[in-house]
Amino acid sequence: FQLSHRVTQVVPESALLITLGLLLGGIVWAADHIASFALTPTVFFFYLLPPIVLDAGYFMPNRLFFGNLGSILLYAVIGTVWNAATTGLSLYGVYRTGIMGQLNIGLLDFLLFGSLIAAVDPVAVLAVFEEVHVNEVLFIIVFGESLLNDAVTVVLYDVFKSFVTIGPENVTGIECVKGIVSFFVVSLGGTLVGIFFAFLLSLVSRFTKHVRIIEPGFVFIISYLSYLTAEMLSLSAILAITFCGICCQKYVKANISEQSSTTVRYTMKMMASGAETIIFMFLGISAVNPEIWTWNTAFILLTLVFISVYRVIGVILQTWILNHYRMVQLEIIDQVVMSYGGLRGAVAFALVVLLDVDTVKERNLFVSTTIIVVFFTVIFQGLTIKPLVQWLKVKKTEHREPKLNEKLHGRAFDHILSAIEDISGQIGHNYLRDKWSNFDRKVLSKVLMRRSAQKSRDQILNVFHELNLKDAI
């Protein structure tokens with residue numbers, strides 16, 4: 001794929017890998033008449049997802065992410081709940097009219113299906129949006145939403161799954177309150193576990209000066225430990241490893257040597273890229289198994305219609321609210337790309353495969369529909385998003401290092417804006433960022449960074465050193 005740029009410029013790599021998986025699955029099926037390979041949830045959640053999420057968190061542009069955190073959280077939490085509830089309830093409403101025929105299914109089953117199909121996949125979004133090069137704000141909102149949305153989806157899925165297991169007649173008001181409380185406990189608990197392990201990793205990397213050779217090992221092992229610990233405590237493992245990566249990157253990069261930093265960067269990218277390749281290949285291979293296919297045209301078509309329509313409505317409503325508070329407004333063009341960027345992928349597939357056929361009688365119908373939705377969004381939307389972005393003339397990003405002049409002006413503006421907020425008595429994100437920077441400089445950096453790293457952080461000294469080096473060369 002990489003040798004022929006003409007192909008990858010038109011067709012996203014994820015779509016090519018799914019097609020290749022279908023071909024391989026077809027060959028295996030033709031030879032043996034058994035589906036010998038399948039993407040199992042255990043393999044997906046414990047081995048393939050962590051490196052991708054860690055890579056996303058560790059290389060997350062922190063300033064952009066935290067600057068847009070309010071918007072990302074609104075889309076990820078409220079947007080996911082909206083998509084899950086509206087899709088599930090609409091499908092149930094249509095089912096009651098009798099269009100779908102006779103199905104052994106109840107309201108809670110529909111809500112369970114709505115919760116898993118609402119999972120916007122960061123793997124698919126990354127694969128497509130990195131090739132499109134949309135502007136940074138749009139990219140961080142869509143990507144941040146898809147990353148945090150996964151964690152929200154898994155929590156919602158667990159809540160509805162427990163409701164289905166105990167039976168609709170036993171779901172009381174207390175159970176609903178428990179579900180809402182568990183949602184917040186699982187999400188916030190996972191985040192706190194991630195932050196704890198991020199500080200632990202930063203502290204460990206401070207004392208690895210004499211064991212440079214195993215520095216990269218600490219980064220991977222402690223990050224993975226955050227994922228396993230959160231999973232063991234029944235908290236959100238995805239949020240744990242995401243925030244572990246986000247919070248440790250600054251201190252770890254300062255503490256470890258240049259060689260270790262390069263090793264971490266390339267190893268992490270290689271593992272994430274390998275996991276993405278395996279996931280999309282196996283999505284194709286898993287589909288070639290006649291035993292999992294149950295067809296219901298009305299159910300499948302309506303699912304595709306509802307997830308598309310409600311995503312558009314959700315994005316428009318939430319953006320209308322957000323634009324009252326945002327400095328940088330999200331334009332109509334941005335909203336179109338965000339609505340179109342709701343790609344479903346392996347998370348939805350892994351969750352639907354986890355369902356037990358004894359509790360959810362129409363499991364195979366759910367699996368078949370999820371595969372169709374994944375293929376439709378990744379292949380059709382993935383193919384058409386690039387022409388759409390070019391046609392709408394969406395502002396694209398520039399990849400370059402800011403000049404010293406720009407850095408100094410940016411820093412000066414930060415101080416001026418936080419001063420204006422301070423004087424006017426408004427606590428905005430500039431004021432909060434300034435306070436956090438002070439706390440970080442006075443406390444956190446002194447604890448989590450070795451002394452030599454703290455000295456070398458001075459930007460002007462760095463530039464002076466680089467200029468001297470250029471002169472010497």
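The backbone N, Cα and C atoms fix where each Cβ goes, glycine too.
Copied from TrEMBL, the annotated features are:
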{"type": "DOMAIN", "residues": "4-391", "note": "domain 'Cation/H+ exchanger transmembrane'"}
{"type": "TRANSMEM", "residues": "14-31", "note": "transmembrane segment"}
{"type": "TRANSMEM", "residues": "43-60", "note": "transmembrane segment"}
{"type": "TRANSMEM", "residues": "72-95", "note": "transmembrane segment"}
{"type": "TRANSMEM", "residues": "107-129", "note": "transmembrane segment"}
{"type": "TRANSMEM", "residues": "180-204", "note": "transmembrane segment"}
{"type": "TRANSMEM", "residues": "273-293", "note": "transmembrane segment"}
{"type": "TRANSMEM", "residues": "299-320", "note": "transmembrane segment"}
{"type": "TRANSMEM", "residues": "332-353", "note": "transmembrane segment"}
{"type": "TRANSMEM", "residues": "365-385", "note": "transmembrane segment"}
Intrachain neighbours beyond the transmembrane segment (43-60), with Cβ under 8 angstroms and 6 or more residues off its ends: 122-123, 126, 143, 147, 220, 223-224, 227, 231, 237-238, 241-246, 248-249, 264-265, 268-269, 271-272, 274-276, 278-279, 346-347, 350
Two-stretch contact, the transmembrane segment (14-31) and the transmembrane segment (180-204), at least three Cβ pairs under 8 Å: no
Close approaches to the transmembrane segment (365-385) from elsewhere in its chain (Cβ under 8 angstroms; 6 or more beyond its ends): 10-12, 14-15, 18-19, 103, 113, 116-117, 124, 127-128, 132, 280, 283, 286-287, 292-296, 299-300, 303-304, 307, 337, 340-346, 348-349, 352-353, 355
Folded-back contacts onto the transmembrane segment (332-353), same chain, C-beta under 8 angstroms, at least six residues removed: 14, 38-41, 44-45, 48-49, 75, 113, 116-117, 119-121, 123-125, 128-129, 134, 137-138, 141-142, 146, 150, 153-154, 157, 279-280, 283, 286, 307-308, 311-312, 315-316, 319, 363, 366-367, 370-371, 373-374, 377-378, 381-382, 385, 388-389, 392-394
Spatial neighbours of the transmembrane segment (180-204) far in sequence, C-beta under 8 Å, 6+ residues away: 151-152, 155-156, 158-159, 218-219, 222-223, 225-226, 229-230, 233-248, 251-252, 255, 447-449
